[in-house]
Every structure is written in structure tokens, then in C-alpha cells.
């Protein structure tokens, strides 16, 4: 491929030089011819690469393939732009007509004229729209209890074709539009805007004007209107006949009095062809119906044989057979290897004069037999004009290409032809059989005409601005009601985007070509039948085996677009005009039949759309009643379960554990039953997004999907690990013969924070892991297997994917290609430089403390030295790292104790912070029932946590509070959770959670950002003798960074490690090795002693692993809290550096955050983020802004010192 690119570049450069120089004795036309020859060679190579990239994407829809496709589109556009610039140096307007035509086409480069950034935007939008269409599925099929989701092809297409159930058809019709087109309008609006810019740059009024210009026809729209007027009487007769038949079939269902047909009843997702309802409308049903599907199956046809039969039709005319590359590379069936593909049938020219392909998901049916002939007609056109210059390798106009495929069908689908090729055993030739045949063709050809006419009428209105974005859907249905006489079966709104449910709209393919082709194919057919010597009615003609017809057509095909289409039309038909006369001649017998059948009945319809039934009045109304009942019942069940869990967590006994497990089992059983009831509603098709969202959350069962035995086992395993952790004690402290054993809180936590004895720290660090993690790995392995079983039952590949879905739910972001893992990776890269500076500084300071100890040469810090059992927060070594130790520090522990603070007073102080913002005070139940201190008489889970009891009045905190500044901050944090509960308590139960899991943590932390400022601590009387200056500022920022920045890699890596376990990339034998690989890589810390890869399980020494609490929420929260802080500070009118802001007493800030908290999870999290920050995107910029002064100081301090560490894990 590199060689091809080099040749292309050379050719383009040479062509450019030729365009800009004129040798002595040369004429300008001679120079132009040489330049065109070189450019043609270059363009062929470029188009091959671009088409190949497009093919690879269409046959394997992946992000990588999309990127590659866009890359080549960008390159191709650049080449075309350069060529247009070079071509414009010639005075080509004065050249001979053939040269002039070539250079005119080259200089008219369409959207390639755009600047690179706009062109890339356009290509990305077009690719995203096509991918949305091609990967869409519809779920919740009525009366089907499996949770299957259905793609358009073949499933929904087959349902629309075969079902005669009004409601099922409505489900498919509405579901397809809801699943795809509602996401598109904003993207489509941007696409239209960019295309219009390109068209105007090219000198056209708008993109519609540009598209129409390709027909080189003055008053083209007037010609189309004339053709429509010619065929409309035939269509109206067909419409009246079909409408009457459908009313008879669907008795009991209401049809519009306006004469329109409900659009879901016509056997096709878009009502563009009506072939699939011929069983309902065949004039003489007792006569043999022409559908050779059964015969093809009987004869063992497969997709390949369909293609061989099609090829034989073309070669029988003396036309060119398919080349070997066609057979080697075409995609003629839907792949079975799990790839997403664009199934829409299409023919492909790879511009190297030998590689031509078809892409379609062939089924063995009569319709696919005809489609295969049609697509092969395109290939034949490619083959015939392959020797033309690249810019002439196209149909004479866009309708010609379609007409060539279709004109073959006009012969192939005749009973006579099907009989000749052995697919129709009996050939009826009487008038009734004739009418049946013509009706089947009319259902395809005549029924299509208004749809083919109106699609681009709508787009031209959009391009011209006549149809504004708010009117897109209304303008669409006005045209469909006016021209097709079909109406939406349910109410449609401006929020819908029903044009997007048709492939050609998101794929940006002009459509008027199909209307043109449906007119001119009959002109071609008449001319070819005359050449073949056919005698008799036009509809009975079959040109099979006529070399004369083949030559007439082949001679025209060879022209490509080298001459105006009128000349190509003249060559094959003897006339330069488009005319519907041959079409009317073809259908003359069925016109007479229809006129007779319709005597005395209404023919035609009102031009305005009728009022459509309201979907939600019936189904959604019933669903909302059910939701009210569900919320009442589930509240009671959850409240009892949380109460049992609270009892166990505040009194760790086996009895309480069993009670809690039983309560959990009751919740799971109730949820399963309720979900079964919920599944009877087609909730994915509901128009109310909140109702849809609530049902989505209700039916997402999580681990409750497991069978009762497995679920009980899962809960017991988790309780077993939690109990190991919460009751663990470390004994045999060196130098202490008392025999005392130490719990984590407060003893080991205090020791890790205050000791500077390497060996004492090492003893606590190792022994805590021995008494916790070492007892867990086998239990954890079994626990993981059960979680994965639940996730897969819920339709996720593993538990990691299930947990990430909370951040990546359907519709959660504007960009449908959003990838949560990529997003958090981006955020980590944004903050890593800041962390690396802090790490380098801390490492150097620790080396000065422990001068007699050996630090790893890899740049890692031994994990036991950072003042915390897990090195997640480095506040314990703040005294060592404080930039200016003689300046005031921000630790008010001594002042709290001096002023006689007790735990209750800390809680009251926290509450006052929230009420100062105008937020809700803690209810009476909070004060009566919270566990604020560690009981002396029993084991408890000391880990600080906030609790919602789901009864809208009982909210509690559980923590083993000490009178210290960290506990003051923690209390504000946990009360932030309770405030969130209070704000969203009126939401439905399944919306009572944060916008995403990180929101809840961020709400607690954003309060702490204000509370921990020297300014705030001084205002509430806890910081004495405080004089702000730059050094004090840096001390404060260092203190904050040891909590916030130091945490980031730990918050990031825990779930990276867990996700790898869930995905099977980490096994039981490598749990600990991979744990330390992640910690060495991201945190830059290493184990202080060698770890046993089989027996050690150091991850289990962190509460959230045995408790099975997802951890990435904390990383997310550490990003979000700074975004929240910046917005709240702006609302509070703060002036100055972000890190000095305190929102205390700001009602405006309180209202902003309160309004967001009230949402709970009722909206996708980007909506909640936008509500408070104005942005839908997580960003680390406010965090970096907050710590900017510290970063400058650290860079100065670290100048000349090594920054970073070796990312590879090496055993200690």
C-alpha cells in the first residue's frame, strides 16, 4: 500500500507541474490532455484505496474501520481539491467540448471544496449517522417473552412483510423510528449546514441546487412535476383499490376518514413498495400467484446460485461476465461471525478496472432474485464504462444507473422468463393471470413513484431553509400525506425524525434518481424490446438472449457520463426527453381493471394529514399506573432490606447476617416478579423519555437475575469477605508484649498516619494484608464467577461491562460513539503530569526521611511510607511534605479538641453548612438513628457511609467519628450524600441515585472543597491567627493535593484491575501480580516486601473489594467535584483563585446544586452535568486550574530531578 501511495503522490505532483507549465510548441489543449492522463492514473489509485476503506467499514462496522474510512475520504478530498485548483489554471472554457466536459467535472468538486476541518466534520457526521442506522435494533416485541432485539434486516423487514397483526406492525413501525431517528436530527442539521456551505462555495444556491445540477437540465423540477402528473392518475387508482382491500382485512380498526392509508399496513417499513401485501390485494386469488421462492428452495438454491443465474442473464445478451475479483470479494450473505454490517444492497466500483463487487445480505426469495439482477445491472454498467476516465465513470445521470438495474428486472420477473429458467412450472397466459402479474409489478413500481418523488422534495426544502429543523418531521409528513396518501399510524411530533428511518437520508444518498429511473426504465424497456423484435403487449416482453438488445444497451452503457444524459437517452430510445408514456403503456390492462373496480368508490385523499391516534393515551397511561403501584410496593420491600443490612453493619453477628441475607433474597425475588410484569409493556417504544428510562432501570435486574440458590450463595460470599475485613485484628506488635490486637480503625489507621518507623509501618502494612486479603482469594474467585453469570444473563459480556453501563447507558450522551473507558483514560492522561510532579517531590522528601533505607531504583515509592494503609491519600505525611513548615498549616484538629467539640457538634456544624446554602436540614430520624461513634460493645463496619431507607424520611450516617479535622471533612462529605437523598426523595425509587455513581461522591467532596479552605475554617472559628499569603496558600494546596491528587491513580486503577478479572484477562493465580502491575504502573508505588502471587491477595485489604463496591466512581467524583466547584463558585460570585473559594452562605450556589440534585438519575448524567456546569463533558481542566499554583511550585522544586517511574512491575 505504501508503494501505491508513493506512485499516487508522484503522479499528482507531476500532473500539477504539467498543469502549470506549457512547453514550446505545445498547445494548451495538448498539455491539458497529458495532465488529464496523469491525473486519471493518480485518481484511480486514490479512489481504489478510499473505496476499499469504505468497503471494509460497510462490511465490518468498527471504530477502527470508520477511522480508516474517514482518513481516506479526507485524503481523496485533498487530491480532488488540488486537482481542481490545477485544472482551473487551464482556460478550459475555450477548449473543445470533450475536454471542456472533463475539466468542468474535475473543477466541480462538491464537498471536497470545504476546509479540511469542515470536511472531516461532515464525513464524521455522515459516518456516525450511517452507523446509527445500520446498528439499530428494536426490542420488546409484543407477546414475545425473550429479551430479543431485532435488526432491520432480516427481522423487522420480515415482520413488516408477513405479519397481519395491526399491533405488531405498529410496534415494528414505531419501534424502528424510535430506536434510530430520534438521535439524528441535531446531527443531520449540522450535516445540512456544512453541505450548504460547500454548495455555496461552489456557486450554487444550496445543496439541493447542487444535487439537481448533476442532471444538466434547465427547469429540472418542472420536468419532474410533469412526470408526476402523468403517473398520478394510475397511482390514485391503485391506492383506492388497495385501501379498500386493507379496510376489509383490518375490520375493527379505525382508518382515517381523509382517505389516507395507515403507513404501517403496506408490507414495507416505508410503504415505498407494496409487494408484500399482494396476498391481500391480488385481483384473482384463485389463479396461480407468481412467487418462485418456494420453487427456489425446493431446487436447493443458495445465494451463490442466485448470482450465477443473474450473471447468465447478462451474458445471454452478449454483455460482459462478472470478473474473478467479483466472485472472490463480494459479500453476498450476512456474515455469521458477529460483525455488524450495512446490509443495504449496493454495487461497488473499485476504480482499478477489474475489481467490482456487490454487498447484500441475500436470502433465497423471489425478491432477492430480482434485487440481485438489479445490483448486477450496476456492475455491468461499471464494466462497460471502465475504460472511460474516472470522472466519466458514472451513469449518464444518476437515474440511469438505477434504471439499468431495474430494466433487467422488467424482463426477469415476467412469467415467461421465470418459466424459461425453470422456476415456474406452469405458465398461465389468460387475462386474469395477466392482471395478477401486472398487479404484482404495480405494487412495486407504481406504488413507489410518489415516495421516490417526495424524499428529495423534502430534502430540497431542508437545504433551501424552507423546512427548518423544528419543522423537519412535519414537512416530511405533509409530503407523504400529500403525494402518497399515507398517514402516520400514531401521532408524530417535532421530536421525531422519521426521514432518518430511511437509509438514504442518514447515508446522504440523493433519492430523486429512483423516481427518474422508474420513469426511464420503461423507456429503455420499450426500446430494448423493439430491438429484440418483441411483438405484443409491453408487459410481456423478455429480452433474455437478445444480442441486439444487449448491443443497444451496451453501446449506451459504454458512454458513462462522457456525454449529457439527453444524448445517452437519444442513443438508446431515439428521444432526448423523459416520458412516462411507456410506463402507462406497460400498465394499460391493469389501469382498465382498476378503473372498473373503483367505480362508485372514493379515489384520492385529502392533501392534509389526518389527526393520528396518541400512542401514550393507551399503552403509556396503563404503564404509568403500573409504575405508581410498583414504586409503592418496592419502597416497602427495599426499606425492610436496608433496615436489615443496617442492623448487620452496626452489629456484626451471624444472626444479623442471616437476617440481612434473607431480606436481600426477598428483594431479589420481588424484583424478578415485578420485572416480569414490567416486560409486558413495550416500554422501549414509549414516547415519554422518563417512562422509558424508569422501565429501563427497573428491568435491569443486576445479580437478582440469578437463580435463588446462586443468589443466596453470592450474598453469603460477600458477607463472608466483609466479615473477614471488618472483624480483622493485627496482633504481635514488635516490642509490645501486652498481647493486644489492633483493629484498622482507629488504631492501624493512626499508626500508618503518625509513625515514622520503617519497620513498624512495615509490620502494620504486611500484617493487615495477612489477616484480610490472604483469607479471601478463593472466595473472591467464586464470587466473581457468580457475578459474571448474572451479567451474562442480563445480556452483558461480563460484570465489568455491566458496571460500566451505568456510565454508558443508551442515550446517556449526545455522541453515540461515547466510550466510558476511553473517556476516563483521557481524564487520567490530563491529570497524570500533575500527579507525576507531586510523586517526584514526595519521593525525594521520603528519601531524606529514610536515609538508611533502600528505595527502588525504578523510581517507585515503597507503599507503606505514604501515611495511609493503601497509599491512596498522603495526608498522613503532610508534615514532611509541607512546602513551608514554619507557616500556618491547615489542620484544626487541636482547635476542635481545645474548643471541646464532640461528635454531635461536628455533625451540627456540618448541617449548618448545608442550611446556609438554603438546602434541607437533617430530619429528626437522622439524629435519632445515625451511628456517629464506634460502639464499645460490639463489632461494626466502621467504614463511613450514608444510608437511604427508601421511605422518604429515614436517612442516616454510619461512621466511627473521631474529633479530628479529617473526620470533620468526612462528616460534611457523608452529609452531602444525605442531602442528595433528601433532594431526590420524591423521585421514583429507581431514580433515587446520582446522575452517575460519581455524582454522589462528588457532591460530598465539593462541600469539603469549601469547608477545608482556610477562609471557611477561619469564618467558623476553627483557624486562629491566620494571615493569607503565597506560602500559606501553597501549604494549603499541598494539603489538598495529598488528598485529591494523590488519590487519582488509585481511584483509576482498582476497577481497571477488577474489569480485567471479570473479562478473564486476569486469573486466580495472577490476582496479586496484576494488582501490583497496576499499582506500579499508575501510582508509581511498589510493595515494600516480596508478595506471594498465589497466597497474597492485597486487593482484599481494601474495603471496597470484599464489599464489592465499584470504585471508578471515586475517580470520576474527583474530576467532577472540581467542575461542580467552579460552577458553584461562579454562581456565588467568587472572585479570585479557584482554590480560595468558599460557597458558604451562598443561596445562589445552593439553588444551583439543589436543582441538579433533585434530578437524581431521572436524566442521563450528561444532562445533569450540563444543568450544573453548562457542559455535557467531564473535564479535568477545573482540577488543573485549582492546583495551578502548586504545579508551578512543584516544577520549580523538581527541576533537575527525575520525574516519573518505570511502569513495569518488579517483585520487591
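Even glycines carry a Cβ here, placed using N, Cα and C.
Where the annotation comes from TrEMBL, it is an automatic prediction and has not been curated.
What TrEMBL says about this protein:
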{"type": "ACT_SITE", "residues": "375", "note": "active site, proton acceptor 2"}
{"type": "ACT_SITE", "residues": "375", "note": "active site, proton acceptor 1"}
{"type": "ACT_SITE", "residues": "504", "note": "active site, proton donor 2"}
{"type": "ACT_SITE", "residues": "504", "note": "active site, proton donor 1"}
{"type": "ACT_SITE", "residues": "974", "note": "active site, proton acceptor 2"}
{"type": "ACT_SITE", "residues": "1104", "note": "active site, proton donor 2"}
{"type": "BINDING", "residues": "215, 513", "note": "chloride binding site"}
{"type": "BINDING", "residues": "374, 378, 402", "note": "Zn(2+) 2 binding site"}
{"type": "BINDING", "residues": "374, 378, 402", "note": "Zn(2+) 1 binding site"}
{"type": "DISULFID", "residues": "139-149", "note": "disulfide bond"}
{"type": "DISULFID", "residues": "343-361", "note": "disulfide bond"}
{"type": "DISULFID", "residues": "529-541", "note": "disulfide bond"}
{"type": "DISULFID", "residues": "942-960", "note": "disulfide bond"}
{"type": "CARBOHYD", "residues": "60", "note": "N-linked glycosylation site"}
{"type": "CARBOHYD", "residues": "302", "note": "N-linked glycosylation site"}
{"type": "CARBOHYD", "residues": "328", "note": "N-linked glycosylation site"}
{"type": "SIGNAL", "residues": "1-21", "note": "signal peptide"}
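A C-beta separation below 8 Å, combined with a sequence spacing of at least six in one chain, links residue 375 (active site, proton acceptor 2) to 345, 346, 347, 358, 360, 405. For residue 504 (active site, proton donor 2), the number of other Cβ atoms no farther than 10 Å from its own Cβ, over all displayed protein chains, is 18. Taking CA atoms as the reference points, residue 960 (disulfide bond) and residue 378 (Zn(2+) 2 binding site) are 76 Å apart.
Taking the C-alpha positions, the distance from residue 149 (disulfide bond) to residue 60 (N-linked glycosylation site) comes to 20 Å.
Residues 374, 378, 402 make up the record's Zn(2+) 2 site, and a Cβ search at 8 Å around their centroid adds 347, 375, 377, 401, 403, 404, 405, 406, 517 from the same chain. Most buried of the disulfide-bonded residues 139, 361, judged by other Cβ atoms within 10 Å, is 361.
Listed in sequence order, 364 are the same-chain residues at least 6 apart in sequence whose CB falls under 8 Å from the CB of residue 302 (N-linked glycosylation site). Proximity of residue 215 (chloride binding site) to non-local residues of its own chain (separation of 6 or more, Cβ distance below 8 Å) is seen for 397, 398, 516, 565, given in sequence order. Counting only same-chain residues at least 6 apart in sequence, those with a Cβ under 8 Å from the Cβ of residue 541 (disulfide bond) are 410, 411, 414, 525, 529, 532, 534. In sequence order, 944, 945, 946, 957, 959, 1004 make up the list of same-chain residues 6 or more apart from residue 974 (active site, proton acceptor 2) whose Cβ falls under 8 Å from its Cβ. Residue 139 (disulfide bond) and residue 343 (disulfide bond) have their C-alpha atoms 19 Å apart, to the nearest angstrom. Cα separation, residue 942 (disulfide bond) to residue 374 (Zn(2+) 2 binding site), rounded: 73 Å. Take the CB of residue 328 (N-linked glycosylation site) and look out to 10 A: across all protein chains shown you find 9 other CB atoms. The shortest Cα-Cα distance between residue 60 (N-linked glycosylation site) and any of the recorded positions 328, 361, 374, 513 is the one to 361.
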